[in-house]
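Just below is one structure, and these are the notes that go with it.
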Number of protein chains: 2
Amino acid sequence: MSSDTYEKIRARIRESLPESAKVTGIEFEGPEIAIYSSSVAFIGNDRDEVKSLVKILRKRIVVRSDPTIRLDNELTVEKIKEIIPEEAEVSKIMFNENLGEVIIEATKPGVAIGKAGSNLKLIKKQTLWIPQVIRTPPIESRTVALIRSMLQKERQLQKEIFRTIGQRIHRPAIKKDINIRMTALGSFREVGRSSILIQTDESMVLLDCGLNVGNPKDLFPHFDNGNFRIADLDAVIISHAHLDHSGLIPYLFKYGYDGPIYTSEPTLHLSTMLQLDYINICKREGRPAPYSKKDIKSAVLHTYPLAWGKVTDIAPDIKLTLHNAGHILGSSLIHLHFGNGDHNLVFTGDYKFQRTRLLEAASCKFPRLETLITESTYGGVQDIVPSRYESEKTLIQVMNSTIRKGGKVLIPVLAVGRAQEIMVVLEDFISRKMIDPVPVYVDGMISEATAVHTTHPDYLNSELREKIFHQGKNPFTSEIFTQVDGYQARDDIISGGPCIIMATSGMLQGGPSVQYLKGISDDPNSTILFCSYQVEGTLGRRVQKGYREFNAMTSSGKSTPTKIKLNVFTVEGFSGHSNRSQIISFIRKVKPRPERVITLHGEASKCMGLASVIHKRLKSETRSPVNNETLVLK
Amino acid sequence: MSSDTYEKIRARIRESLPESAKVTGIEFEGPEIAIYSSSVAFIGNDRDEVKSLVKILRKRIVVRSDPTIRLDNELTVEKIKEIIPEEAEVSKIMFNENLGEVIIEATKPGVAIGKAGSNLKLIKKQTLWIPQVIRTPPIESRTVALIRSMLQKERQLQKEIFRTIGQRIHRPAIKKDINIRMTALGSFREVGRSSILIQTDESMVLLDCGLNVGNPKDLFPHFDNGNFRIADLDAVIISHAHLDHSGLIPYLFKYGYDGPIYTSEPTLHLSTMLQLDYINICKREGRPAPYSKKDIKSAVLHTYPLAWGKVTDIAPDIKLTLHNAGHILGSSLIHLHFGNGDHNLVFTGDYKFQRTRLLEAASCKFPRLETLITESTYGGVQDIVPSRYESEKTLIQVMNSTIRKGGKVLIPVLAVGRAQEIMVVLEDFISRKMIDPVPVYVDGMISEATAVHTTHPDYLNSELREKIFHQGKNPFTSEIFTQVDGYQARDDIISGGPCIIMATSGMLQGGPSVQYLKGISDDPNSTILFCSYQVEGTLGRRVQKGYREFNAMTSSGKSTPTKIKLNVFTVEGFSGHSNRSQIISFIRKVKPRPERVITLHGEASKCMGLASVIHKRLKSETRSPVNNETLVLK
């Protein structure tokens, strides 16, 4: 944005506000414009003057207290402790200096807030900080703590970053016509490296930035495509935290990206956790990691977390809204609104159009919609997934029959998503004695991912939330689960009695799950149980397809062929993906009906098959492009 | 190419040839490798050693005399005059120093060549130049003379240019897989600015480089598309000379292109003529021209003329062959062969799948073919074009009825193509007294374009060639035609008696045709006759559609609304484009049958309609992309 336009907007705001507002500064903060005020009366209230400014400027405006009038942090903590009664069990008080907010973590948030918010009003008045009360998470996440402390430390740097981003977002639009192009960079007619480039004549955004889990040779999306120019990117939007959707965000920063990442807050936390883990895996396997911790830090500092349903300007001609996708914690459908309603696009990412034990079903109502881009992971004709009831029955049978033969059940799971779903299921069945009581070992990053889940209760489904917070029956903290640490503990489990083992990685691409497989592979009484999608090219897929031998690495680093004698089962009903009929049902029910449906994120035959059935049944234009193709959407 | 590989090829050649070959140099000359020799016995003969080299290296090799052993130019001229008898009527002797060739222009080429080539053998032996005899054109073209003299003068520069180009062509290929993408830069679902980008992982070529005749606001193809990077272009291939296919070649050189243009020699001559004219038109109309004469000169120097049927390496993984397209003089179908036969593509440019008075019908047999890109100008369901016989009958009727009422017939024509076709028709009918004998005025660049036609008799159809050269009945030199020069002459014609006027521009976009229209527009006895495609947005199209008023510029530069009272006729049977049934017939007959057909170069409804009918009838995959879309061909 030219400083000229910037000055014009500032002047306009100053003119519109009364003297009494005591405006001390006007700043761009990412998509928002912040008005700093030293008037106690003006701060944090929805004033009519501000509302009419929002209407005129068509920009999001927030009012914050001028930092100089806020009470000193230590004194503020004292005040809060004075005002909030002890029985609220305040566990932590954190400051967000950029937002002028003080975050109060309490075990009993209702008590902390006080009758009709009386405590909060008092805190605001006496400290000039805006208080936010959140519930103390039942398990503390190291990742969340790490991210929060880093953001606190780098708050000045982040403020600068968002000022620059804000100026770019609010630059004036030059072109009048909206022409929209979509370039398939990754995950078209394949599973992995999700990445879609959206371009208008004004701007350019990237949807997802994933890596290829199953095929390290084609690790990257087609970033060599001529339409992709890192320096021209306005925004990167991430659907959810799995590495095939978020794994290459830090790579962008390594190569000079300096713009915003928009995603839900749980996705920020989970993807950071997975990226840090990914670097470690690369190191352990002697592969060069595509980025470093420094780049992950850059990514975190450039992330602007968005709540579902909040409409946000991300470029002069694009507005973004995230909606629940029901796939994993924080997973979002991405809705883009172009120009003055010229076109609207939804990219589903991975989604589940059915309520699960963990999450609500994906949203299917949008203000407008012309182009829908849908995943096709289970979009094939053969992908008739058994019902949830059937799947749970099978799970119980497999578990009990294995346990009763003295065997072990190994469940390779992605740390995020299926792991928590299965934990809730197992806790339920074991507590109801439908599965014989054996220890459930949880290995790898699952516990940490679970901790992140409890940090974001608002993103879980209502039943689970209710269970955790109001009935005090948190399945994740149940004593049936034992966290495993280190090689020795694993050997003890392997040589021990019947048990259930949940371990990463979810597709047997290294990690503890492979160590367990090696340990129990010659036990015909044990079972390996797949509950999540196995990408082509992974060991998980090979075992699932019936390969009965694999190369295990010995402790001395030698590779020895190992026979697989244990039982192999796949239970698909727990998938976080919509099955074929759920996809079709989603497209039938989505409001308004899209004119065009584009399929991606599935094996070639599934993407094309799904496109064909959608065309036949719904008469929409359907496309199933391959990577590197560019479609003109409008 | 690394100098290493270059040296390897040279060493290989040196090793394979005997001492006696007296090799003095080995040079890359564009796609060819030239071996210079000072052995009289070795030069210009198809030696087995050379043939086996061609097989091993899979590159085109020519043997030339070392310049130092060639006879001095003046002495060579004397020798030639001694050897060739006077009755051969040698009109010109030109040297191509780069090729070591002496070109002998003679009215009677047979006499010049001598019995079984005896004269040529003698010339070669005594001068060590390789003689080429061509027929003296019946009308001399200023453009051809200009181009030839320029190339003669700049021969050293051109040699350097082709050395660099040659090294680039013969660089080693790095990638093994062939992935081919096509990006629609211009003329997709529209007529004008023909331009297609073809990319592999190794290389990048541009098919056509045209400007938008009907819409100066969108003059350029989408050169801003991210896939188009001028510095990475390996080659530009031009289908034919019309400005909507060739008009922006010099623009590429203005912005740094330094590679080859491949096209037929007539296309080089005609497009240069049209580009020079285009600059003048821009100047006259007070618009900035998109390039200068200097850029046109660069384009000529970088052009490597190709004969039809000659297979040529243009990149490490692409071979090019041109074939007759039957649209205008030199117009070519472009055949690309990728890798080791991994994929084959034909781009038709504009084509006529029917023999005309001027040209043979387009070729339809190729060694291999997977993707066919076809024009759709007359691809609409309504485009049922009357037969040639019907059209000629209509033409005669319109002419005679106008002439007999004392009116004038104005035919706006493109200088190149339709003009010559109509001249042959008129000469035929007037000489056979089927049209009343009136003067036929030929205005604008038509005569010069006609002269270029007579320079390239090999590109005309056999009947016309026979007529011109063996029967001595050249329709183009008939006395019925009068060349018009200047404003005053036009005014005299306008105020004179019945006549036929052929004038450029062909779509009434400025030029003499508009001056004539202005002059006779209020004469209800006169007629305007359209025989060629009128692009949407041109005055020609508006008049054709029935507009009865236009803004004429007065001599003082004022624009005045002018009523159109003359008769308006369109005769479409003379079109140089295939009509709908000819396109379908071409696609039926083309050998081998393509797997995929892509339509372009037509109004949106015609491109889509044609794609649909081809899909229904031939079951091929069909696509009708819009500009800026990228398809993956393989």
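One is the number of the first residue shown, and numbering goes on along the chain from there.
For all residues, glycine too, the Cβ spot is worked out from N, Cα and C.
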Out of B:Asp208, B:Asp218, B:Asp258, B:Asp350, which one does TrEMBL list together with B:His240, B:His242, B:His327 for Zn(2+) 1?
B:Asp350
Zn(2+) 2 binding, same site as B:Asp244, B:His245, B:Asp350 - TrEMBL member from B:His470, B:His601:
B:His601
B:His240, B:His242, B:Asp350 screened against B:His601 (Zn(2+) 2 binding site), Cα within 10 Å - retained binding-site residues:
B:Asp350
For the domain 'Metallo-beta-lactamase' (B:192-388), would you mind checking the mean pLDDT of the predicted model?
95
Going along the chain, which residues six or more apart from B:His240 (Zn(2+) 1 binding site) have their CB under 8 A from its CB?
B:Ser246, B:Thr267, B:Leu270, B:Ala325, B:His327, B:Ile328, B:Gly330, B:Ser331, B:Ser332, B:Gly349, B:Asp350
Three states by DSSP: which one describes B:Asp244 (Zn(2+) 2 binding site)?
helix
When the domain 'Beta-Casp' (B:419-543) is classified with DSSP, how many of its residues are helical, how many are strand and how many are coil?
61 helix, 16 strand, 48 coil
Sequence gap of 6 or more, C-beta under 8 Å: which same-chain residues meet both conditions with respect to B:His242 (Zn(2+) 1 binding site)?
B:Gly210, B:Leu274, B:Ile328, B:Asp350, B:Leu414, B:Val416, B:Gly417
Enumerate the residues of the same chain, B:Asp244, B:His245, B:Asp350, B:His601 excluded, that satisfy the criterion Cβ within 8 A of the mean position of the Cβ atoms of the recorded Zn(2+) 2 site; list them in sequence order.
B:Ser187, B:Val191, B:Gly192, B:Ser194, B:Asp208, B:Gly210, B:Ser239, B:His240, B:His242, B:Gly349, B:Glu375, B:Thr377
If the Zn(2+) 1 site is taken as the center of the Cβ atoms of B:His240, B:His242, B:His327, B:Asp350, which further residues of that chain fall within 8 Å of it by their Cβ?
B:Ser239, B:Ala241, B:His245, B:Ala325, B:Ile328, B:Ser331, B:Gly349, B:Tyr351, B:Gly417, B:Gly576
Can you break down the region 'KHa' (B:3-70) into helix, strand and coil residue counts using DSSP?
30 helix, 19 strand, 19 coil
Write out the long-range same-chain contacts of B:Asp244 (Zn(2+) 2 binding site), meaning residues 6 or more apart in sequence whose Cβ is under 8 Å from its Cβ.
B:Ser187, B:Val191, B:Gly192, B:Arg193, B:Ser194, B:Gly210, B:Leu211, B:Asn212, B:Val213, B:Val535
For B:His245 (Zn(2+) 2 binding site), which residues in the same chain are close in space, meaning a Cβ under 8 Å from its Cβ, but six or more apart along the sequence?
B:Ser194, B:Asp208, B:Cys209, B:Gly210, B:Ile238, B:Ser239, B:Gly349, B:Asp350
Helix, strand, coil residue numbers for the region 'Metallo-beta-lactamase C-terminus' (B:576-634) per DSSP?
25 helix, 13 strand, 21 coil
